[in-house]
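Scroll down for the structure; my scribbles are underneath it.
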């Protein structure tokens with residue numbers, strides 16, 4: 001027999017044993033118990049009989065996963081009321097009643113109709129009762145009972161994950177925890193060992209082991225055997241077996257992928273011990289000479305390294321850095337090279353990791369390599385002996401005077417001749433020139449320090465044999481100052497003196513400026529000119545601080561006698577050669593108040609003043625523009641203002657009303673006069689002579705125009721006659737307003753339709769002469785005109 005057949009037979013035997021035990025318990029619980037009780041009461045003795053229910057059970061047991069073809073027998077329900085005469089009916093209700101569980105209503109046998117799984121539902125709660133078949137009356141109270149399913153080992157262990165992933169640092173000690181795996185079993189853990197699991201490793205020896213109870217995977221080899229550089233990935237298969245690992249238990253498996261993480265246990269190593277490079281002597285600072293490479297078996301940050309130059313004659317000429325992307329050492333030029341001075345260099349370079357693990361630190365954690373660098377000769381441009389030149393020359397130097405000189409030479413071994421020239425882009429005015437052979441800089445034009453104090457030019461040195469080889473050098477030329485400018489007044493002074501003052505009164509303080517810049521600073525002296533000393537009304541006092549005071553020599557001055565005084569002041573500087581100038585100070589005589597404030601000056605004095613200030617002129621101009629805009633706006637408003645309506649209120653409505661002594665049509669009257677006919681009387685249609693006369697009214701008056709105008713009068717009479725003679729026209733009143741009044745009226749037209757004159761150009765006083773009918777108009781327009789004026 002196979003192992004599975006033995007397990008199946010053993011499971012069936014266990015189920016039969018449990019079934020027998022459950023039937024025994026059911027038989028004991030269904031035994032009848034009758035209790036008789038007697039009690040005596042004061043009113044009489046009466047026997048009370050208490051009957052307990054004739055059946056009693058708690059639960060039935062049923063084995064899961066039944067494989068038989070017939071219904072699975074569970075048990076039998078028996079009642080004391082069932083005397084075997086067929087009058088008792090057993091009734092079942094509750095979970096699965098009638099579908100999963102059925103009962104024989106005659107004898108109470110209970111069966112399961114299909115195969116049940118404890119892992120889906122471990123128990124069912126049902127209710128049973130006994131009724132009389134004839135009357136349907138309950139013979140027993142309804143009783144609840146439970147059917148529990150017995151578990152069998154029909155579920156294999158299941159891991160939470162199909163594949164686990166774990167990691168552990170390389171060179172870890174034996175027993176280092178890697179990862180924990182967990183499996184579950186759906187069988188009943190309270191029944192036997194069906195759900196008791198044991199873990200074991202079926203693949204992964206001898207590197208890893210697993211705890212049989214917890215499922216924790218640990219390393220099984222020492223640090224020397226767990227080296228990532230030799231093997232990085234491992235696949236371990238873990239088994240979980242139920243029945244406590246005994247024979248016949250079910251098994252579940254899972255795969256665990258374990259990776260050894262890197263530690264810094266390998267130092268970097270150069271790929272070769274000697275490197276050779278060549279570099280041009282014209283290479284600029286920062287130019288790459290070459291790259292050296294070192295390898296590290298580690299990865300990530302553990303493989304990061306840095307290079308240093310530790311010795312050699314090129315330590316000051318070259319530098320080395322690490323390329324973060326490729327982890328290569330990059331050698332660059334740090335100082336200018338010169339083939340004529342040194343043709344080769346040798347340096348020793350060291351490499352080591354950025355991060356070092358102290359556990360693996362040893363003397364071999366660094367590596368060394370030798371780098372030899374050869375310098376290549378190139379045709380270089382001339383080289384000046386200075387990076388820049390500073391020259392000085394006096395501003396009064398004559399043309400052709402030498403300012404200074406520059407010097408350059410060919411650094412190559414050929415020592416070619418050099419010629420000099422000026423970059424004319426830096427000397428557009430051609431003030432300087434340079435000797436092409438010796439580099440002397442001299443003047444071509446006169447200079448003025450007060451115009452330009454510094455001149456910056458660029459001089460070019462070019463090889464004779466190879467004009468393409470040239471170099472530039474900046475030359476800064478400073479002009480030295482000489483005392484060639486006389487001092488002048490610092491500003492234009494506006495000075496006045498009061499008519500009543502006192503002798504020795506200071507009326508002005510003056511100062512001076514000089515375009516020159518003496519090395520010891522400015523020193524000015526002030527005095528009264530010789531031509532002004534004779535009978536002078538003012539005096540000049542030098543204050544000794546580069547200022548002077550203008551003082552009065554009299555107590556009174558007459559504005560009428562002389563309104564302006566001119567004071568000549570001599571200003572002299574203190575430099576060599578001494579320079580001087582005479583400035584004239586204008587003093588006005590003015591009327592002052594008691595505090596000495598100017599109130600009025602003569603017209604002559606005002607006219608002799610330099611003139612109005614810019615601010616005053618701008619203010620006057622703005623005022624004139626504003627006044628002009630006001631006048632233009634006022635004129636435009638006056639021309640465009642609309643005429644006031646003639647009729648001020650509704651009570652003043654007056655017009656010609658034609659009365660026909662009949663009731664009007666009100667708003668329904670839509671027939672009105674054609675104003676176009678009034679404007680063009682010649683185009684009116686002639687009335688029919690044969691029209692019938694209206695019989696309902698007789699005109700009481702003949703409507704005449706207000707003026708002697710035949711065509712208008714005839715047209716109106718024709719219209720009246722037409723309406724009087726129309727038998728179909730209802731007796732409507734008509735209110736007609738005429739805008740056309742004809743021509744030749746003495747009063748002219750009162751309408752503004754044809755008026756071309758403005759309101760301000762009309763005179764309405766003549767309305768008073770037209771009689772009482774125009775009095776209202778005369779009052780309105782006469783009053784408005786007077787108010788406006």
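Any Cβ shown, glycine's included, is placed from N, Cα and C.
Sorting each residue of the domain 'Cadherin' (79-159) by its DSSP state yields 0 helix, 36 strand, 45 coil. TrEMBL lists 79-159 (among others) with the feature domain 'Cadherin'.
Mapped onto DSSP classes, the domain 'Cadherin' (160-270) shows 3 helix, 48 strand, 60 coil. Feature annotation from TrEMBL assigns domain 'Cadherin' to 160-270 (among others).
The domain 'Cadherin' annotation in TrEMBL covers 271-384 (among others). Using DSSP to sort the residues of the domain 'Cadherin' (271-384) gives these counts of helix, strand and coil: 10 helix, 56 strand, 48 coil.
When averaged over the domain 'Cadherin' (385-489), pLDDT in the model lands at 93. As annotated by TrEMBL, domain 'Cadherin' applies to 385-489 (among others).
The domain 'Cadherin' annotation in TrEMBL covers 489-612 (among others).
Feature annotation from TrEMBL assigns transmembrane segment to 7-25 (among others).
Residues annotated as transmembrane segment in TrEMBL: 616-637 (among others). Only residues 6 or more beyond the boundaries of the transmembrane segment (616-637), in the same chain, are considered here, and none has a CB under 8 A from a CB of the stretch.
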Task: the domain 'Cadherin' (489-612), counted residue by residue under DSSP: helix, strand, coil - done: 9 helix, 58 strand, 57 coil
